[in-house]
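Working notes for the structure below.
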Amino acid sequence: MSKSAVSPMMQQYLGIKAQHTDKLVFYRMGDFYEMFFDDAVEAAKLLDITLTTRGQVDGEPVKMAGVPFHAAEQYLARLVKLGKSVAICEQVGEVGAGKGPVERKVVRIVTPGTLTDSALLEDKETNRIVAVSPDKKYIGLAWASLQSGEFKTKLTTVDKLDDELARLQAAEILLPDSKNAPQLQTASGVTRLNAWQFAADAGEKLLTEYFGCQDLRGFGLDGKEHAVAIGAAGALLNYIRLTQNLMPQHLDGLSLETDSQYIGMDAATRRNLEITQTLSGKKSPTLMSTLDLCATHMGSRLLALWLHHPLRNRAHIRARQEAVAALESQYKPLQCRLKNIADIERIAARIAVGNARPRDLASLRDSLFELAQIDLSANGSSLLETLKAVFPENLSTAEQLRQAILPEPSVWLKDGNVINHGFHPELDELRRIQNHGDEFLLDLEAKERERTGLSTLKVEFNRVHGFYIELSKTQAEQAPADYQRRQTLKNAERFITPELKAFEDKVLTAQEQALALEKQLFDGVLKNLQTALPQLQKAAKAAAALDVLSTFSALAKERNFVRPEFADYPVIHIENGRHPVVEQQVRHFTANHTDLDHKHRLMLLTGPNMGGKSTYMRQVALIVLLAHTGCFVPADAATIGPIDQIFTRIGASDDLASNRSTFMVEMSETAYILHHATEQSLVLMDEVGRGTSTFDGLALAHAVAEHLLQKNKSFSLFATHYFELTYLPEAHAAAVNMHLSALEQGQDIVFLHQIQPGPAGKSYGIAVAKLAGLPVRALKSAQKHLNGLENQAAANRPQLDIFSTMPSEKGDEPNVGNFVDKAEEKHFEGILAAALEKLDPDSLTPREALSELYRLKDLCKSVS
């Protein structure tokens, strides 16, 4: 379109939009933010607002949509949650100051990963932005949180990239717009940048300038292998600078993270353990929602961080444990005090980027004074000593804020009444002029009545006409000569005098001057606080850590969590362990033991559907995870050896986006585990092979279990419905059979949820179907077919020798077919043993005993 065909205002808009083609532009016009053309169409659809038109361009109506500026935050929040970025274009010039449209410019860019405004953020979630820079060997990751000042980098590989992004829970991902950019499982929140922005040389130059250092060796970034990490960090820092229109001063150094710091968990494991999100995508009931007794939002965010980053450093874990133990008698008063603490972390972030509001500073002041009053007995905990020593360091900042900010300032700076009385003499004088105007008006009214003798004379004010003297119609003709007529009404006349006009000018000027001076003083306070940011961030981190540690103490005291012990040898020993989430959802929870060590590394878990196998396996993993956060655990006792990773393969569904079936997803997750699990890993495998035919599934389950035993040698909980696998302990001493017990009462079943030695006798599938409400007709049909299949299997057992033709890895190694036969023999022996177990010889009559003998003989025939 030609510029001559559009208005000057539209020319201005198009020029701004050309610089932000990948973003929605909120263009300020009076009391609205307007959007035009395609932006208007998209915004109308996403925000459910009216799409209209304004004028024409090249003969076509210009589509337009808008939102009120005072409600913009709620609309921005919705757009950000949808992964959209928005350029905020404000009026920065005076209306009517010159020819053409009022001057406008983009003052900030709101993106999903660079939010600082509390209205746009979830209180209990950390908002991170991640930059991804690939090369042939490594992928460099850099991530930051503008709310906390976190700034870290790491080297990873393509196969672990999605797991890292799942761990970081990135709100926005920066990728180079190049052919070698990695393909991500998620497409939401992805921002493409020119590939040159990820250049290592440019990144190092920007980073060294920002941190004021000669090189990045002090951050652990040295050598060519770190080039992609440096490039990612540089691209990220530059992106933050561009979106915020300034270089943030609160990023807390740059640290290089390694795999050895935390227990590894892939995306599937985090999902299956439901750490912060249920399998259905809800926030509750999860491990996080169940444990979160934190008094502050900072504490809740740190708790989520600790749960997703279980430590491997035993010294750091023990330091947390000692603090938890020391707080056991102090956590209640501590949490009561912490409830009065504002979100210092996010207030500090808003100070850093220059958009803190008056009440942010008031809340910060009150919180710093409150923290300084925390009095704890460290009881030998060095961590508590360190944390509580931080708070007095901020008293000088709190005192500066007490002097500068009113006890209860206005919400918005533009409304005035923010700076405290006595802070600045000129502001006090301007306020005196405004606040004592009523006295002047009363004095003037009394003086003028006495001078003129006019009884109806009143001195008043309104926003349209300012100050005026009002006389009734009957007395208006007697007005003195120095009264200048200002307005005529039906029953009155309004006048102005030189004295009143001078006062009006003084008051209105004082108001404008006071607002301008308050803004200047407030900006000065914010600027002075920049130097205090490191100490404020330390206080925020210390308060959050105290909050989480006191929460751990509350859990230990109120939910009977115990302090786990750590061993240097391979062991997972748990006495009467409980699932921390499930036990809060049910009236009675059955506790269970777990014993894995160098002799028994794989627990083969069988039992009925709904018997509790998946719950038990998750329970073990969650207890191990919690122990490594420093939290006490739901058990009577626990001893845990070295753990490097936790893997889970529990349940699966079709991945339609990647065109992968349920079975393909299952096999992909299984393959990942077999390739990455080590002797120090904990592996949970549930129903491997169930997504294919019986023989295929059995063969795969056998192979996977054997691989875990012989190659990975991991601690493994292997749940299966293939009873044929219960032979494994005969061939592998490191495997042990355990089962979830159930009790049959007639045609009904009671699940005991108790772990017991040995394999299960049966699966009780039809009994579970009955509990699920299947029609009686269908249940009878199922039972009939089951009986037929069992009889057929018994009559045709040699057919199972199909497996005997399978080559084994070693000549002397038993093959699957032989194990199937042996497993069936054990299964039938179990049936006979169960039948005998039910008999009570002392209570049988001779006739009943003879009848039972014939029944047992028939049973032997059916299983032989």
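Yeah, the Cβs are placed from backbone N, Cα and C, and that goes for glycine too.
Feature annotations, courtesy of Swiss-Prot:
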| type | residues | note |
| --- | --- | --- |
| BINDING | G607, P608, N609, M610, G611, G612, K613, S614 | ATP binding site |
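Where Swiss-Prot records a feature, it is marked here on the structure.
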{"residue": "G607", "record": "ATP binding site", "Cβ within 10 Å": "29"}
{"residue": "P608", "record": "ATP binding site", "Cβ within 10 Å": "22"}
{"residue": "N609", "record": "ATP binding site", "Cβ within 10 Å": "17"}
{"residue": "M610", "record": "ATP binding site", "Cβ within 10 Å": "19"}
{"residue": "G611", "record": "ATP binding site", "Cβ within 10 Å": "26"}
{"residue": "G612", "record": "ATP binding site", "Cβ within 10 Å": "24"}
{"residue": "K613", "record": "ATP binding site", "Cβ within 10 Å": "26"}
{"residue": "S614", "record": "ATP binding site", "Cβ within 10 Å": "19"}
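Taken residue by residue with DSSP, S614 (ATP binding site) is part of a helix. Highlighted in sequence order, L740, F751 have their Cβ within 8 Å of the centre of the Cβ atoms of G607, P608, N609, M610, G611, G612, K613, S614, the residues recorded for ATP, and are not part of that set.
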